[in-house]
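Listed in TrEMBL for this protein:
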type: DOMAIN; residues: 1-83; note: domain 'Plant heme peroxidase family profile'
type: BINDING; residues: ASP3, THR6; note: Ca(2+) binding site
Amino acid sequence: MQDVVTPNDLHMQYCKNVLSHTVLFTSDAALLTSDETARMVVDNANIPGWWEDRFEKAMVKMAGIEVKTGDQGQIRKNCRAIN
């Protein structure tokens, strides 16, 4: 997590940083450019437990993603281009 306030903790501080415009990357600041994502940032920053619950569910969901093998996928030499 790119959190300059509490870099060793994983919690909703990142969203508070987005709202205070103290994030490291342009892509982080871009979360405020759409009403939908800005609303998510505000909720994640202000509702106790909201971010943690959503993060937990996302991690469980990602854990269920199967590893591609054989010709199902590829390891890219450059992430922006297909080999």
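Cβ atoms here come from the backbone N, Cα and C positions, even for glycine.
Counting only residues at least six positions away in the same chain, the Cβ atoms of GLN13 sit under 8 Å from the Cβ of THR6 (Ca(2+) binding site). Looking only at the domain 'Plant heme peroxidase family profile' (1-83), the predicted model's pLDDT averages out at 87.
In terms of DSSP helix, strand and coil, the domain 'Plant heme peroxidase family profile' (1-83) has 43 helix, 0 strand, 40 coil.
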